[in-house]
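Per TrEMBL, the feature repeat 'PPR' maps to 5-39, 106-140, 141-175, 247-277, 278-312.
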Amino acid sequence: MCKANASHWIAQISYFSRQGLHKETLHVFHRLLTQGLRPDRYVLPSVLRACGNLSDLKSGRTVHNLVTRSLLDSDAFIGSALIDMYSKCGKLHSARRVFDGTAEKDLVVWNSMVSGYAHGGLAEIAMVLLIKMRSLGVKPDLVTWNALISGFSRMGNDAMAMDLFRSMQIDGVEPDVVSWTSIISGFVLNFKYGEAFGMFRQMEVVAGMRPSSVTISSLLPACANVADLRHGKEIHGYAVLTGVDKDLFVSSALVDMYAKCGLISEAVRIFDKMEKRSTASWNSMIFGYSNHGYCENAIGLFYQMQNEHVRPDHLTFTAVFTACSHAGMVELGKHLFILMQEYHGIEPRLEHYACMVDLLGKAGKLAEAYDLIKGMPIEPDSFVWGALLGACRRHGNVQLAKTAALHLFEIEPQSAGSCIILSSMLLDAGRQADAVKMQKLMKKKNMKKFHGYSWIEST
């Protein structure tokens, strides 16, 4: 890099990188290249970090080519940045090639590869690397252990995560707030809410560790999912006491928790006080309104979201379609279904189709609902067919109900749900002989009505 310009470019790139302004970092980097300047080893890791956080593989490979041409392949600091970039871009094979090609692997390089595998859903391979690095005399540090604990927690293997949590302490490494939060998140992910609350209390009382905003926002879904208002209020109180209640993720989680616990007024109060709102914040409030019958409020909030130039995602439209279905707003729902695709560029998912079938079905538009299913570019699941079957039961359309039940039987051959509904409809229609045949089929196939949430609840 030309010495006259070096300090100028390094200062700009370093500043943008520290501020987390990844697009700006890359913009300055590309300007640097167009002026014929070559970056040095101090600039490249910041640029690679921006590429990884933006999942900009093309720019990342451009930087990698510069590294090769500049003969900086052996630089461990740049090597770890390359591994991190490729991992975040979902190219673990490329990350591994860089790792294997790094002659002098220090702890930072090992940690980058371990983290890449752990966060990429391959925690078992990350574990193999842990064993290998120890055999080579490289002692894992807090970063290593946290990556592994987080990886197994995300996979839902909370038992292994707990084993690692204990092992790190035996190895002389004290868990930090990230370690505790990863364990708590793992328990919540596996619906082990009691264990999650237990670890939260242990974190405070035994370890004397102050939970972070991430800890709080990870634990609140446990209260929301089981409508545990008492615990939810306790955690809210703790968030206020420690000053993290204003954090965007905590506020969004609080809105979601209060809405799911049925305290809509409190959810609205927190939502209205938020200085900044993410798409997730809006989604939580729209879902809250939709699920509790405040459909016009939900639709109004959706349009307010548009006016404030917040981009909706697929969950936003699921919430809005739910509101339309509850309120019988068929034409609006159909309009928004088209708007989602043509204006926002969001391809319909299974949950969107299920909502639309439910919307049309409740309005008695069974033929239109069936046509929508037949035109789906993806295979309908049990929720889509279940929505149609529920609509058929509501409107007494036995013939179409048989079609829906047949598809449900193919998807869930051991579930008796579709047969029970169809049998009941046949009895209501005076077709007792057909109903008896259906009941005999259920016994012959040894079908069971499974407990827990299923498409039956939506009918």
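Note that Cβ sites are derived from N, Cα and C of the backbone, with glycine treated the same way.
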Using DSSP, how many residues in the repeat 'PPR' (141-175) fall into helix, strand and coil?
26 helix, 0 strand, 9 coil
Which residues of the chain, 6 or more past the ends of the repeat 'PPR' (5-39), have a CB below 8 A from one of its CBs?
46-47, 49-51, 53-54, 56, 59, 62-63, 66, 70
Against which stretches of its own chain does the repeat 'PPR' (278-312) lie, if we need a Cβ under 8 Å and a gap of at least six residues from its ends?
248, 251-252, 255-256, 258-260, 262, 264, 267-268, 271, 319-320, 322-324, 326-327, 329, 332, 340, 344, 346
Taking every residue in the repeat 'PPR' (278-312), what is their average pLDDT?
96
What are the DSSP helix/strand/coil residue counts across the repeat 'PPR' (247-277)?
23 helix, 0 strand, 8 coil
Residue counts (helix, strand, coil, in that order) that DSSP gives for the repeat 'PPR' (106-140):
26 helix, 0 strand, 9 coil
